[in-house]
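Written below as structure tokens is the structure these notes are about.
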Amino acid sequence: MPSIAPFLRTTPLFTISLLLRLGLLFYGIYQDAHSALKYTDIDYLVFTDASRFVADGQSPYARDTYRYTPLLAWILLPTVRFPAFGKLVFAAADLLAGWLILRVLRRRGMDEATAGGFSALWLWNPMVATISTRGSSEGLLGVLTMGLLWAVDRRKFSLAAIILGLSVHFKIYPFIYAPAIVWWMDDARLGKETKAAPQSSSIKDAVANFFTPDRLKFGLLSLITFMILNLVMFAIYETPFLVHTYFHHVTRIDHRHNFSPYNVLLYLTSATPAHAAPAFRIESFAFLPQLLLSCVLIPLALAKRDLATSMMAQTFAFVTFNKVCTSQYFLWYMIFLPLYLPNSSFLRNGKLGIFALLLWIVSQAAWLQQGYELEFLGISTFYPGLWLASIAFFLVNCWILGVIISDGARQSTRSTVKFHVE
């Protein structure tokens, strides 16, 4: 039986990845020209319209529903003359993220073909390639988050802090990685001599030992980067920048294409007049379990064992418990799969891995079937069909999250990969 290992070496790995994305780009151009169902994501039209407003000397927020940093509209300014430019940027970001994954895996001691095999989970993933070539900007988030992990892994903490500040400015959610990285940055990992804590050390001493110069520098530099970007954007675009880039996402009530268990509740809330809305709304407190898991409990439990697994679990928890959950959000945690899977239960136990994948796909398909009847056939499936499908998908994700956390908790700080691609 021929080996696939030659295709997993760096040059063929990225050649195939590039051809996949180019093929999808050309297919998308054909489908947009010949089909009523367009390949290009509606968000891409929002991005390019915003760039057109910027090119005309106006605010990107002159475009209704533009809810992003002006940086994105600036990056996509060439789309005014070359409409496909943004898709090329997003596809290139996918490839760069894959290269960073490969670098991190190689640094862990994997041979080239094995590291390429796991990197292919991102680089050859049709879902990843399709989302970026349709014009979704999630590929940029992928390269930023993987760049953050790569920089920390290489002990380039100043660069990591700048990337973190930029990432949070770009999409808010990467702030969840700050607690994990800061907790991970102990003397042992920084190559410094660890001092044995006296038995009678006070809380004051423990706090003083935690706030080391390296941790303070990392936190301050990331905060300064974030604030400088925000101050510049506020100076140019004033209040609309804050409202559309940040405040909108805090108060967002979006029930369309939303896998979240809060989906039906958000629909009912959106249909309720403001004067009749109850003072206490349960969806307003959705962030409590979400942030408790992703910013406190998971980092404390996993970060010092395996930072990549911690970031995977944090992101998975954040997406699962978010009150708005769309298919693009899945890419936020899929970027970490190649780093988590080598030592995971899903790979050690093939049946468990296949079962989890099938359960995740089937529960998602059940939701999509209900959503199709609602959106395209005009059948009201909000209750019980769509609600039950949302609950089922949520429970499946909670179970998968539990497995990921258990895997991370079992890891030693010196885990190594002991298999190779044949």
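Cβ atoms are placed via backbone N, Cα and C, with glycine included.
Here Swiss-Prot flags 10-30 (among others) as transmembrane segment, drawing on sequence analysis.
According to Swiss-Prot, the transmembrane segment annotation covers 82-102 (among others).
Feature annotation from Swiss-Prot assigns transmembrane segment to 162-182 (among others). Within its own chain, the transmembrane segment (162-182) is flanked in space by residues 69, 71-72, 140-141, 144-145, 147-148, 151-152, 215, 218-219, 221-227, 229-230, 246, 249, 291, 294-296, 298-299, 302-303, 307, 310-311, 314-315, 318, 332, which lie at least six positions past its ends and keep a Cβ under 8 Å from the stretch.
Feature annotation from Swiss-Prot assigns transmembrane segment to 216-236 (among others). Listed as Cβ neighbours of the transmembrane segment (216-236) (distance under 8 Å, sequence separation of 6 or more from its ends, same chain) are residues 69-71, 157-158, 160-162, 164-166, 168-169, 178, 181-182, 185, 242, 245.
Summarising the annotation, Swiss-Prot assigns transmembrane segment to 282-302 (among others) and lists sequence analysis as the type of evidence.
According to Swiss-Prot, the feature transmembrane segment maps to 327-347 (among others).
Taken from Swiss-Prot, the feature transmembrane segment covers 352-372 (among others).
Taken from Swiss-Prot, the feature transmembrane segment covers 385-405 (among others), and the record attributes it to sequence analysis.
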For the transmembrane segment (385-405), sequence-distant contacts whose Cβ falls under 8 Å of one of its Cβ atoms, 6 or more beyond its ends:
259-261, 263-264, 298, 301-302, 309, 312-313, 316-317, 319-320, 340, 344-346, 352, 356, 359-360, 363-364, 366-367, 369-371, 373-374
Cβ contacts under 8 Å made by the transmembrane segment (10-30) with residues that lie 6+ beyond its boundaries:
39-40, 84, 87-88, 91, 94-95, 98-99, 102, 112, 116, 119-120, 123-124, 126, 129-130, 132-134
